[in-house]
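Per TrEMBL, these features apply:
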type	residues	note
DOMAIN	28-245	domain 'Anoctamin dimerisation'
COILED	43-77	coiled coil
DOMAIN	248-825	domain 'Anoctamin transmembrane'
TRANSMEM	259-286	transmembrane segment
TRANSMEM	337-357	transmembrane segment
TRANSMEM	422-447	transmembrane segment
TRANSMEM	467-489	transmembrane segment
TRANSMEM	516-533	transmembrane segment
TRANSMEM	633-659	transmembrane segment
TRANSMEM	680-707	transmembrane segment
TRANSMEM	782-811	transmembrane segment
Amino acid sequence: QQSGRRFNLFLKRRLRIDKRHQSKDSIFFRDGVRRIDFVLSYVDDFSKELEKKLERRKEFESNLQKAGLELETEDKKESEDGKIFFVKIHAPWEVLITYAEVLNIKVPIKENDIPCTVENPLDCMLLPLRLPEKVMHPEPDYFTAPFSKDKQELYLINDESTFFSPSVRNRIVNYILTRCPYGTEEGKKKFGIKRLLNNGTYTAAYPLHDCQYWKKANDPNCDNERYTLYMEWARFLRFYKEQPLDLIRKYYGEKIGIYFAWLGFYTEMLFLAAVVGLICFLYGLFTMDENMSSKEICDPAIGGEIIMCPLCDQECDYWRLNTTCESSQYSHLFDNVATLFFAIFMGIWVTLFLEFWKRRQARLKYEWDLVDFEEEQQQLQLRPEYEAKCTQKKRNPVTQEMEPYLPLTSQAVRFCISGTTVLFWVSLIIASMIAVIVYRLAVYAAFASLMENTQTLQPISGLLTPQLATSVTASCLNFVIIMILNFFYERIAIWITDMEIPRTHMEYENRLTMKMFLFQFVNYYSSCFYVAFFKGKFVGYPGAYTYMFNRWRNEECDPAGCLIELTTQLTIVMAGKQIWGNIQEAFVPWICNWWGRRKARNNPENLYSRWEQDHDLQTFGALGLFYEYLEMVIQFGFITLFVASFPLAPLLALMNNILEIRVDSWKLTTQYRRPVAAKAHSIGVWQAILNGMAILSVVTNAFIVAFTSDMIPRLVYYYAYYGNEDSPMSGYINNSLSVFQISDFPDRNKPKENPENFVICRYRDYRYPPDHERKYLHTMQFWHILAAKLAFIIIMEHVVFIVKFFVAWMIPDVPADVKARIKREKYLTQKILHEYELEKLKERLCQGDKRATEKEFIATEGRVELSRAM
C-alpha cells in the first residue's frame, strides 16, 4: 500500500512536469505576458468558519475584479505541500493609470538635460569603493510630472508593460487591496486585506521577488534586480563598497531606500568620531605610566600605608589603598585630559552629522522626485482600521466629503488608558532598576568577603576588585532585565496604539515611535544614569552613612573614581545589545526559513514556484523599519549621551554598523518576502528625536566630566592646593582622602575584627579631621571644587551650544546646486506642460472645436510666455 502511494505521488509529479514545459520560477501568469503584481494565499482549514471564509473570499475576489484587477488561481494540487491555494493578481494598464493619478505618482516626461557637477579630482582614490555605473544608476535621470490620464501623450511611454516599475505596481495593487470591501457583518461594512489576514481568510499577501537571489532567472524579460542587489550589496565581503541607493529605491521603494541612505551616512560620519575616540584612548594608554594618581596609589610607601575604611558594615575589613592599583591605572585610560576634549568634540560632531544629513536628505529628495511630496498628502489617506472602527461621520473641511471620525470623549478615554499603561511600564523599569541597585548593595559584602578569603582569586584580586565584580554582575543582570522588559513592552505598545485608533498611517507610526522610544530610553539608559550621576554621591561618611530603605548602605565609588564603572556598564549594555540584535536579526529568520524549506529542497525546480518560494520566506511587516530605526537611535544615544566615559564607543558603533548594513541588506534580500513599496521623503519623527538627544548629550557629558570623572578635583588641586612646585600633582591622593577616627564608629558600622589595631582609616571625601573644631564637616576645598564643577558645566554647555548653533546656522539645509536644479526642473516642467496644452488647443482650433475660443488660445500662449519670463 505504501509503495502504491509513492507510485501515485511520482505519477502526479510526472503529470505536473509534463503539464508545464516552462519553469514555474516565473513572475508572469500562465500566458507568460501578464506580470504577477501581488499574490494572496489561503488554505482550507475545515473549521467551523469554513463557509464564512469561502463567502468572504468569493466576495472579495469578485470586488477586486470589479475594480479592474485580473486574477489567476493556482489550485492546492499544484502547490508543493498540496494544501495551499495561491491567487495571483495582475493590474492591467487601465487600472495602473487610474490609480497613478489618484496617488499622484510622478512619471518621466523628458530626459534630464542638466549637466552633472564637475567631478572631484580625488574620486580616482575612491574607485575601489565604487560600484559599476549600471548598478549605481539603473535608470536615466528624468524630468517628471504627476501622472494624468488626459495627458498620456506627454509622458515617455515606450512600453506599457514596463512604464510603471514593479515597486510602483505593487504599491498601487496594495492600495486597492487595503480598501476593497468583502461584505457586511454585524451591520458593519467590512473591507481591507489586513482584516482578512487577521481573521484567517487569507494566510498571506505579498508582492513577488523578481528572481532567486543566488542566480539569474531564465526569463529574458526579468530584470534580475534581486540577484544584482545580492551580489553587489547584500554580501558581507562587499562591506567596503558604497550602497546602490537608486537600485534599492527602485526595488524596495523610497521608504526603505531612505533608511539605508541614513544608515550609510551615519556610518560614514562615525568613522571620524571613531578615529578621534581611538586617538583619545591611545593618549590615555601611552600616558598611563605618567599618571601621578595611580603612581601614588600603587606606591607601597604611599598607597600601601594608607588604611581605608571598610566598604560595608561589620563584615568588611580595613584595606590598603594599593590593592586598587590596577583598577586605578585602567581608570586613567578613560579619565584624562583627552576626555574633556572628546566630550566637546562629540558635541560638535553630532551637530555636523545632523546638519550634513539634512543636506544629503535634500539631495535625495530631488533625485528621487520627492520635492513636492509632503506627508500631508498621506493625511488624506485614512487607515482602513480607522474607517472600519469609527461608525460616526462628519464632513472633512479639506475634501468636503463625509468621512468617519472618533468622538472626543472616546479619544480622551483611550488616551487616558494609553497614558496610564505607559506610565505603569516606565514605573516598572524604575522599580527593576531599584531592584538591581539593591542587588548591588546586598552582594557587595559577599564579594568583599569572598575575595578576601579565597586564595584562588589572589592572582586577579588586584584587577577584579569587589566594586568591579559587583558592577559587572549587576550590569549583566540589568541587561537581562532590559531584554525581558523589551520583549513584553513591544507587544503592549502595539496593543495600546491599536486601541487609540490613529487616523492615518503616519499618525500611527509617530504615536508608536514616541511610546517605544520613551520606554527604551528609560529602559536602556536608566542604569547608566544611576552610575553616572547617583552612585557614590550620597554615601555620607564613616559613622553617618546613608542607607536605602534604612537597610542597605549606599555603595561608594572606587578610590580612582566612578568613571571606570560607568565605562563597564556602558560597554556591557551597548555591546550586549548589538550582539544580541545581530543574532536576532540574522539567525532567527534564517533558521525559520531553513525549517520551512527543508521539504521543498528535494523537489524539482519546476514544482517549486516563485510564489511558493516567497511564501516560505519571513514577512517584513509594516513595523520592520521601525525596529531598525529604534535600534540605531538607541545606539546613537550610547555614543552621544555617555561618550565622555568611553571614547571607544563610536568605534564599537562603527564596527557594528558596517555589519548592520550587510545584515539588514542580506536578510531583506534573501530571508524576507518583498515588502510593499512605500514613499517617504525623510526619516520622519526620528529626526526630531535625534535633535533632542543631541541637545541632551551636551548636558550629560558636561555633568559626567564634572561629577563622575576626577578631572575637576585634580585641576583644582593642581592650581590651588598643590604642595610641590616641581611636581604639582604629587600628594593629590592624600589630599583627596579624609581621616576618620576608628573609635568614633557606631556598633552598626564597626568591623567585627581589627587584628592590626588600626587607629584611623581614610575615606574619599573633603572633610575636616577628628581633631578639628569642625570635626567631619566639609572643608573649604570641597566648596571650591563644587563651585568649579558648576562653573565648568555652565561654561562647557554655553561654549558647545554656541558652536553648535553657529555651525547649524552656517550650513544650509539644502545645497546651492540642488536648489538651482529644483528651480530649473520646475521651470522646464511647467514650460513642457504649457506648451503641451498650447499644442492641444491649436489642434482643437484646427479641428473647428467651437469651445476652443481665440481668447482661450491667447491666454494659454500668454501663460507660456510668462513662464519663460519667470
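Glycine residues also receive a Cβ, built from the backbone N, Cα and C atoms like all the rest.
Beyond the transmembrane segment (422-447), the same-chain residues lying 6 or more positions past its ends with a Cβ under 8 Å from any Cβ of the stretch are 311-313, 315-316, 466-467, 469-471, 473-474, 477-478, 481, 485, 489, 492-493, 496, 515, 518-519, 522-523, 526-527, 530, 548-549, 552-555. Fewer than three CB pairs closer than 8 A are found between the transmembrane segment (337-357) and the transmembrane segment (467-489), and contact between the two stretches is not assigned (pairs 6 or more residues apart).
Nonlocal intrachain contacts for the transmembrane segment (516-533), taken as residues 6+ away from its ends with a CB within less than 8 angstroms of a stretch CB, comprise 422, 425-426, 429-430, 433, 436-437, 471, 475, 478, 482, 485-486, 489-490, 493, 562, 565-566, 569-570, 573, 577, 626, 630, 633-634, 637-638, 641-642, 645, 689, 700, 703-704, 707-708. Three or more CB pairs closer than 8 A are found between the transmembrane segment (259-286) and the transmembrane segment (633-659), so contact between the two stretches is assigned (pairs 6 or more residues apart). Within the chain, the coiled coil (43-77) has long-range Cβ neighbours (under 8 A, six or more residues past its boundaries) at 12, 29-30, 34, 83-92, 94-95, 98, 173, 176-177, 180-183, 196, 199-203, 609, 611. Taking Cβ pairs closer than 8 Å, the transmembrane segment (782-811) reaches residues 343-344, 347-348, 351-352, 354-356, 359, 694, 698-699, 702-703, 705-707, 712-713, 715-716, 720, 765-767 in its own chain, all 6 or more past its ends.
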